[in-house]
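Structure record follows, encoded as structure tokens.
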Amino acid sequence: MANEEDDPVVQEIDVYLAKSLAEKLYLFQYPVRPASMTYDDIPHLSAKIKPKQQKVELEMAIDTLNPNYCRSKGEQIALNVDGACADETSTYSSKLMDKQTFCSSQTTSNTSRYAAALYRQGELHLTPLHGILQLRPSFSYLDKADAKHREREAANEAGDSSQDEAEDDVKQITVRFSRPESEQARQRRVQSYEFLQKKHAEEPWVHLHYYGLRDSRSEHERQYLLCPGSSGVENTELVKSPSEYLMMLMPPSQEEEKDKPVAPSNVLSMAQLRTLPLADQIKILMKNVKVMPFANLMSLLGPSIDSVAVLRGIQKVAMLVQGNWVVKSDILYPKDSSSPHSGVPAEVLCRGRDFVMWKFTQSRWVVRKEVATVTKLCAEDVKDFLEHMAVVRINKGWEFILPYDGEFIKKHPDVVQRQHMLWTGIQAKLEKVYNLVKETMPKKPDAQSGPAGLVCGDQRIQVAKTKAQQNHALLERELQRRKEQLRVPAVPPGVRIKEEPVSEEGEEDEEQEAEEEPMDTSPSGLHSKLANGLPLGRAAGTDSFNGHPPQGCASTPVARELKAFVEATFQRQFVLTLSELKRLFNLHLASLPPGHTLFSGISDRMLQDTVLAAGCKQILVPFPPQTAASPDEQKVFALWESGDMSDQHRQVLLEIFSKNYRVRRNMIQSRLTQECGEDLSKQEVDKVLKDCCVSYGGMWYLKGTVQS
């Protein structure tokens, strides 16, 4: 109230908490009868209770002399229930329905907020309720009548058969032994309705004596509702601060949460979803939807969500396929899980699903039989993969479920390029794991190219020819301009320039450089290897020998970032093939933010030059003639000097492998002892072998040179 004087205190009442009946006091409610019609004056014939379940049954007499009682109907019910012959087990011994049973049900499981109050001599005594039960008439006698009817019918059918029939033939009995019950089966059995019913039935009934409202025993028990020694010191429950007293009197309700309808564990409302962090929202949506365009994701998250933050979050849980986002395999198949169909581990499932996703980056269509042949997975697992992201078309195969999203591709080129780098790394991994033939595969996954079915083959060839002619003309003009500049150099008087023919070897080098393919397909990547139409080394007026890049290039931000990556990588790995280095570099690019300087395009030549400039050397491993290693896998680079005590040991080891493809351990150990002039311990030899080599079939190979 705004003015406390308008709300004066009329009376102060002491409140006491009585606990004598706290574990025994129940409140009975009769919802089918008005409060004015009580059962107090009706004879109670019997009472029983199951304390653990808080289940009560009361038997009350029916006034058969009441003019409203239908005697003929009562006799008929008694006859149906007990039959014509009365015995000790009869429900109605008087052959008349003269009693009815009331069975209880719990109204609430949380009664901590309820109490019975007794006001006496200016004091309010509260006793907590142990349970609140509603009693309704039970019609179990109808079940007994049905059972009697079925028994009579069975007896009649048995009586029709001949009395002179021979004894039944001996029947064979099959004995079965139950298998040991697993923990999951036991939990399912314990949670079943049948088990709960059996558990409830096992609890014995406790028979009670009923005392009427005015009985002396009832009067005696009613005294326990008063707190003993209310003026003494014992009753300290309510000697609390006002806030503590209010909390005790009205504790926070937990019942509302229990009463809410329980939704399935995999269902989450949009209201609940938006209370979660953004990253969790994206993960839950993608895990449930599997495939989604970016525009749809933004509409589900709400208009107030920043698209940049969503882009950052979606790349952690999904991959870009044809402009749409497909949930990552490790989200659907977490570690330590397995296939419900075949039981294969999650790692194998993720690899197979990644192959399906990668196939859809190449084409709109995928054939299930081809996927099963490559991945060696069962048909059910492959079908699950395809159903996540495709729809089946009769006599055609599986088509990607969503149309190509060209709008997203145009709007977010940085994200597209980053995803392309990730797919390049995944492709390299799939080629190695599944031993895919490189000739049958595209050279590189196109950076989320448009749908293949929209442009025919002739049109593609014509477009490619046109672009090649345009680029060739531009490069020719730039080359002529550079030649003109080189023809009139500033030569001091009296200086004669010696002219020598260009060696065929140099021409071949130039041709080889011109044929080298850059690692990316970005427009800026066209100039990473060619400067004004000339190879980098030639355009700058100096060749790149022994890994030293052209003057001026080492100081650029791109060169510095690239060198830092190369040095850090070789400090960890020591020996890498060019193929593995490119894969690690693509993964490094995928972890960088959009717009980073390294996205400008790095060619193979520039990467190799940076490796050699970082203190590494190329090891010319003599691969066997029948090797299946690609040219990039045959280029092996190793850290020559790292500044630690193992440099000399590592250099000796690398010299051994420059003359041998594979070596035995005893040969390595003897050579190390010979070159270093001392006997090396087993730990020192193990360290240098672990840094640079792998063991296979009793032989040691440089890392990356073993062909599976």
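Cβ coordinates come from backbone N, Cα and C, glycine included.
Among Lys410, Lys467, Lys498, the residue that Swiss-Prot annotates as SUMO2 cross-link is Lys498. When you go through Tyr69, Tyr92, Tyr224 in Swiss-Prot, the residue listed as phosphotyrosine is Tyr224. Residue-level annotations in Swiss-Prot identify, among Ser241, Ser522, Ser522 as phosphoserine. As annotated in Swiss-Prot, phosphoserine applies, among Ser112, Ser192, Ser555, to Ser192. Per Swiss-Prot, the residue from the list Ser182, Ser218, Ser503, Ser646 bearing the note phosphoserine is Ser503. Within the list Lys376, Lys396, Lys432, Lys690, the entry that Swiss-Prot describes as SUMO2 cross-link is Lys432.
Take the CB of Tyr224 (phosphotyrosine) and look out to 10 A: across all protein chains shown you find 16 other CB atoms. Compared over the recorded sites Lys432, Lys659, the count of CB atoms lying within 10 A of a residue's CB peaks at Lys432. Distance noted between the C-alpha atoms of Tyr224 (phosphotyrosine) and Lys432 (SUMO2 cross-link) is 83 Å. If you take the Cα of Lys659 (SUMO2 cross-link) and the Cα of Lys432 (SUMO2 cross-link), they are about 26 angstrom apart, rounded to a whole number.
Mean model confidence of the region 'Required for Pol III complex stability' (556-708) amounts to 86 (pLDDT, 0 to 100 scale).
As a summary of secondary structure, the compositional bias 'Basic and acidic residues' (146-155) carries 10 helix, 0 strand, 0 coil according to DSSP.
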